[in-house]
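Peer 1: Take a look at what Swiss-Prot says about it:
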type	residues	note
BINDING	CYS145, CYS148, CYS158, CYS161	Zn(2+) binding site
BINDING	LYS333	ATP binding site
DOMAIN	570-670	domain 'tRNA-binding'
MOTIF	14-24	motif ''HIGH' region'
MOTIF	330-334	motif ''KMSKS' region'
Amino acid sequence: MTSERKMLVTSALPYANGHLHLGHLVEHIQTDIWVRTHKMLGIQCISVCGDDAHGTPIMLKAEQLGITPEALTAEIKLSHEKDFKAFAIDYDYYHTTHSPENQALATTIFERLQAGGDIVKKTIRQFYDPVKQMFLPDRYVKGTCPKCAAVDQYGDNCEVCGATYSPTDLINPVSVISGVSPVEKESEHYFFDLPRYEELLKDWTRKGHLQTEVTNKLSEWFEAGLKQWDISRDAPYFGFPIPGVPDKYFYVWLDAPIGYMASFKKYCDERGVSFDEFWDKASKTELYHFVGKDIVYFHALFWPAMLAASGFRTPTAVYTHGFLTVEGQKMSKSRGTFIEARAYLAHLHPEYLRYYFAAKLNGRVDDLDLNFDDFVNRVNADLVGKVVNIASRCAGFINKRFDNRLSSELNDQKLYNDLLSARESVIDAFVSRDYARAIRQIMDCADKVNQYIDANKPWVLAKDESKLNEVHAICTMGINLFRILITYLKPVLPMMAKASEEFLNSEPLHWDSIDKPLLNHRINTFKPLMVRVEKEKIEAMLVQSKESLMTTPVKENTPVEDANLISIEDFAKVDLRIAKIVNAEPVEGADKLMRLILDLGDAQKQVFAGIKKAYDAEELIGRLTVMVANLEPRTMRFGVSEGMVLAAGDGQGIYLLQPDAGALPGMKVK
């Protein structure tokens, strides 16, 4: 089966400041299934992705860790690639936006936009952190909501009342980075004149390049009016400098989608493929992007407009999916449902999740819910109970009674043809991204096979030596029907398909390889292809993921007059200092300990604190706290602890002390 079609497929680029979680995997599994489907059809289908490696969050996290942004993003990229490989997500090339290819393409596109009159310069006012000497993105300013007076709200929207506003509207604004009150400063920024392309975008968005619900949503944005898009950021910033403009950088969202092109460019350079054939304005190839609904605005408006304005082709389609919920709710660290890929892999087989997501994904923008009872039932009933059970039951007889050799003919050609007749419908469902429909059809076929085996009862016939030919024919039929089923499931379960190919002693399975059954063919000894999900492993995964509160014994209240009172002179001996947590990591082998690196302004100290069960390491980094700076160092088996952080506890939890806005590392607490 071959085709003249040529396709390039991408997934949204994971941000390079943290590990993958199950929410990421929805999209990447969805993309991988679609790509595998087309490759099995003989289509040249190239899939590329990479890490989104620029921006303020990466710059600040690297600073907190005491490493360069390049070192941080390189480490995270390795983690992402390792997780993708474990889940059998097989990109033809996986790159990074911090690459020579991306810088060259971003510069080319910017210069073309500038030459075409699409870049506008405007002076804007924004918050500036006088301590860090940097302009602050919206999410790095917090304060009191101007609408409902809720405290500790971000600079772009209130999580209590839902209001949106400018950071300068906040009451008592504070820099999240330094804790000081920011000041307003002017800066000249570069804008892409998106409204110039409103008619082009209206036409493009209504020509079948998007799902209907996405097109309808975009209509609302058109009615509200498109706005010029700020594509520049001020130094300090981790990204690409704007050519010829001192201290100005391309905004991460300008070069991030260009990263698709850069990853493909690297692929082309290494394999001798024509980049222009796929990206030229007159290209006859197909270009598909898979994205989440939270970034539709960038991919369905900015991206096609920017491509068209700079002389490149626009996407054939942008396919949008919904969010992942767990047990009907948003993923939550406190409930243990914010599950990283590596936590899942420590307890469960990756193809359980590939199958479950496939069974629930369709071509719409619906959210997908991971319900663990449903997860267990689907995997155990469908994969183990229906599909694998067919091979297991039939192979046992073939291996033991017939020297691993199948019989020379099928005994129910009609049933074989019946399963083959589902092929086009299954392929259509996968191509339409309605994987749930494909899975339903495949399981309907599996039911027919199990009914056939149950009706013929080879285990009963095997007791009669005169019936062994019938047993041989029935089990040969079962093995061949299993071969059809595993071919249909191959885009979803590539690891199980490969193991099945080894068991069947066959060439790699393709959509047309099942036209001829395996007859008078020697198979290999059957080995278990998949085992049942154990609920205990799910519970262990949730425990590992959970940000549970530490519980401590409740002490009886003691009257103040009975306490061991100290003098003011004794208290003065304790050197309490404001400290900034620049790094935090759990201590392996210790249930409670977290290793903290604390910045005191003129020095750094290492402290081991018993807060591991109360906080995630990531949420501690960058916070200010209070420490005892002159405590005698204590040698522990994990290292030397050079102080103590202060925390409050009520027997139900533990809470780090945090100073008020304006406090700086090294300040003395009096």
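Glycine is no exception: its Cβ is also placed from the backbone N, Cα and C atoms.
Give me the lay of the land around each of these features.
Peer 2: Note on CYS158 (Zn(2+) binding site): other Cβ atoms within 10 Å of its Cβ, all shown chains, come to 19. DSSP classifies CYS158 (Zn(2+) binding site) as coil under the three-state reduction.
All protein chains shown were included, and the count of other CB atoms within 10 Å of the CB of LYS333 (ATP binding site) stands at 16.
With DSSP states grouped into helix (H, G, I), strand (E, B) and coil, the domain 'tRNA-binding' (570-670) comes out at 7 helix, 43 strand, 51 coil.
In terms of DSSP helix, strand and coil, the motif ''HIGH' region' (14-24) has 3 helix, 2 strand, 6 coil.
With a threshold of 8 Å between CB atoms, the same-chain residues lying at least 6 positions outside the motif ''KMSKS' region' (330-334) that come near it are 21-23, 323-324, 545-548, 616.
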Peer 1: Return the residues near CYS148 (Zn(2+) binding site), defined as same-chain residues 6+ apart in sequence whose C-beta is under 8 angstroms from its C-beta, sorted by sequence, else 'none'.
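Peer 2: When sequence neighbours closer than 6 are ignored, CYS148 (Zn(2+) binding site) has CYS158, VAL160, CYS161, ALA163 within Cβ distance under 8 Å.
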Peer 1: Quickly jot the same-chain residues contacting the motif ''HIGH' region' (14-24) by Cβ under 8 Å, restricted to those at least six beyond its ends, or write none.
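Peer 2: The answer is 51-53, 55, 57-58, 61, 72-73, 76-77, 79-80, 83-84, 96, 323-324, 326, 331, 338-342, 344, 353, 370, 618.
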Peer 1: Give the distance between the Cα atoms of LYS333 (ATP binding site) and CYS145 (Zn(2+) binding site), rounded to the nearest whole Å.
Peer 2: 25
Peer 1: When the pLDDT values for the domain 'tRNA-binding' (570-670) are averaged, what is the result?
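Peer 2: 83, rounded to a whole number.
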Peer 1: Per residue, counting other C-beta atoms within 10 angstroms of the C-beta, which of the binding-site residues CYS145, CYS161 reaches the highest number?
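Peer 2: Result of the Cβ crowding comparison: CYS145.
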